[in-house]
C-alpha cells in the first residue's frame, strides 16, 4: 500500500486535562477559511462528552498552508443539563448562513442505555452564524418540530458526524445525514437505519427523509452528477464487515440500490468514514462529471492505518480504488473537505482525523496527484 506525501500536517486538538473526539471540518471557499470542530470531553468515553469546540484556520494559497487560531468553545451550542455531541457543520452558500447541527443528550445517559431501555432522550439541536462562525445564534431545539411523535418510535438517534451538504438544485436543499435505531418489534433489539434531515427553505423548516436499508449507521452524503442527472450518494458505517451505500434520485428523500461495498472494509464494530465529491479533473470520453474520495481505517480487524480511496465511477460500488495510506498506526473518525485546486494543478483536500488511542485530532492537506499519481500518469 503506497503512502501519500502531504503538504501540511498539524495537531489541532491534543488530549490532556480534557479529551477530544469526533472531528468535523468545513471549508469556506470565498473566505479561504477552515473551521475544525470537535467534542471536548472530561474523558475519552461518550458519556463524558461536554462541549463543542472550534479552531479557525486561514488558508494561504501562496504557501499552501493553514494558520490556525486557538481553540474556542461554541458556547451557544449547549442545551441546559445536556452534553453536546456529533458536530455537523453546514454552509448555505445562497443565504451565507453557517449551521452547526449536533445532538444533546441529558447528563451521563449513554447510547447503550437508550438502546437497552428503548427510551429515546436525545435531542436534535442547531445553532447558526451569519459571520462565518465568529458569533452564534441561541440554540434551537428542533426535536418536536422536525421529528415530532416519530421520536418515540426510535430508541435513539444521531446526526453525522462531520460535514453536511447543500445540493445544486433550484431550492438549494440542505441535507443533514443521520441515523436512528428504530423499535420495529417489542422482542427485538432496535435496528439502525440511516436517513437525512432535509430543508427546502434554507433551514427555516426541516423534514425527515425516508430510511436507507437496515444496518446503516453514521453516514455522509455527496452529490454526484452523471451527465444531466444528479444523484445524492450516501455512504454509511455498518456492522457487516464493509460499508454500505445507497443513492437518491430525489434529493435525499428516498434512497434506493442499497449495496454492501466490499472494497471498503470495516473493523468488527465499524467506524465512521468521510466522503466528498469533486469535479473530475481529467477530460476523457465517457468520463463522469464527478468523482468521489473517501477516508477510513484500512484494516478489517482494527481501527488502524488511515487510507484514502478514489472512485471514478461514483455509483458503482466495485469501482473503488485500493487505498493510499494517509497515516500509519491507530486512527478512527475522519472528515474530508474539497479545497479546490492544489499547487500541482490537481484537486486538493483537507482531512481532520483522530490519531493514536484518541490522543490527537490531526489536520492534513494533500492533493489528488499526491494520493493517486497513476491517475494522472495515464493521461
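Using N, Cα and C of the backbone, Cβ positions are placed for all residues, glycine too.
Per Swiss-Prot, these features apply:
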- 46: active site, proton acceptor (ACT_SITE)
- 303: active site (ACT_SITE)
- 333: active site, nucleophile (ACT_SITE)
- 354: active site (ACT_SITE)
- 21, 41, 179, 181, 218, 237, 303: substrate binding site (BINDING)
- 127-138: repeat 'BNR 1' (REPEAT)
- 197-208: repeat 'BNR 2' (REPEAT)
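Positions of Swiss-Prot features highlighted on the structure.
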{"residue": "21", "record": "substrate binding site", "Cβ contacts under 8 Å, 6 or more apart": "38, 39, 41, 44, 49, 333, 354, 358, 361"}
{"residue": "46", "record": "active site, proton acceptor", "Cβ contacts under 8 Å, 6 or more apart": "85, 110, 111"}
{"residue": "179", "record": "substrate binding site", "Cβ contacts under 8 Å, 6 or more apart": "157, 158, 192, 193, 194, 195, 216, 217, 218, 219, 236"}
{"residue": "181", "record": "substrate binding site", "Cβ contacts under 8 Å, 6 or more apart": "114, 115, 154, 155, 156, 157, 190, 191, 192, 193"}
{"residue": "237", "record": "substrate binding site", "Cβ contacts under 8 Å, 6 or more apart": "216, 217, 218, 219, 243, 266, 270, 271, 272, 273"}
{"residue": "303", "record": "active site", "Cβ contacts under 8 Å, 6 or more apart": "267, 271, 297, 330, 331, 332"}
Q: Indicate whether the residue listed as 'active site, proton acceptor' is helix, strand or coil by DSSP.
A: helix
Q.
For the repeat 'BNR 2' (197-208), what's the mean pLDDT in this predicted model?
A. 98
Q.
Just to verify: the residue among 218, 354 with the fewest other Cβ atoms within 10 Å, which of the recorded positions is it?
A. 218
Q) Near the repeat 'BNR 1' (127-138), which residues from the same chain, at least 6 beyond its ends, have a CB less than 8 A from one of its CBs? A) 28, 31, 33, 35, 54, 56, 74-77, 96-100, 203
Q) Per DSSP, what is the residue count of the repeat 'BNR 1' (127-138) in each of helix, strand and coil? A) 0 helix, 3 strand, 9 coil
Q.
Let me check the 10 A CB neighbour count of residue 41 (substrate binding site). How many other CB atoms are there?
A. 22
Q) Across all chains shown, how many C-beta atoms besides its own are within 10 angstroms of the C-beta of the residue listed as 'active site, nucleophile'? A) 28
